[in-house]
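Taking it in order: structure first as structure tokens, then the write-up.
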Amino acid sequence: MNAKMALAVAAGGALGALFRFYLSGLLPVYRDFPVGTLMVNGLASFILGYLYGLLFWGFDVPSDWRAFLGTGFCGGLSTFSTFSYETFSLLREREYIMAGLNVAANVFVTISLVFIGFLLARR
């Protein structure tokens, strides 16, 4: 990895993390359900699906932009560790149905949004 690529990943990661912090603060919890985390994970999944859809369908995305958006921004925006912690917290509080819904919603929403982003990139 060269310095330009490292800077692209670092800048994207910083912006993604700041955006996550902002968005998560808008809707952190709704009736014990961590909506903010679901939102940021869904948005990152959509962007990543769109980016890799562009690549798959033949659009030339420079490698430094792929690093900035994919690894950097989407990596900083999404948060598997917070999702895991929030699910664990729901289990610890004996909110078993909410914990299961959190897992199901995150898996379904993120995979669906990757797919939708991928398809929308086709043009």
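Numbering starts at 1 and runs along the chain as it is shown here.
Yeah, the Cβs are placed from backbone N, Cα and C, and that goes for glycine too.
Note that the coordinates shown come from a computational prediction; the quantities given were computed from them, not determined experimentally.
Annotated features in Swiss-Prot:
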TRANSMEM  7-27  transmembrane segment
TRANSMEM  39-59  transmembrane segment
TRANSMEM  68-88  transmembrane segment
BINDING   GLY75, SER78  Na(+) binding site
TRANSMEM  101-121  transmembrane segment
Best-contacting stretch, by C-beta pairs under 8 Å, relative to the transmembrane segment (68-88) and drawn from 7-27, 39-59, 101-121: 7-27
Same-chain residue ranges lying at least 6 outside the transmembrane segment (7-27) that approach it to Cβ under 8 Å: 1, 35-37, 39-40, 43-44, 64-65, 67-69, 71-79, 82
For the transmembrane segment (39-59), distant same-chain residues with Cβ under 8 A (at least six beyond the ends): 16, 19-20, 23-24, 27, 66, 69-70, 73-75, 77-80, 83, 106, 109-111, 113-123
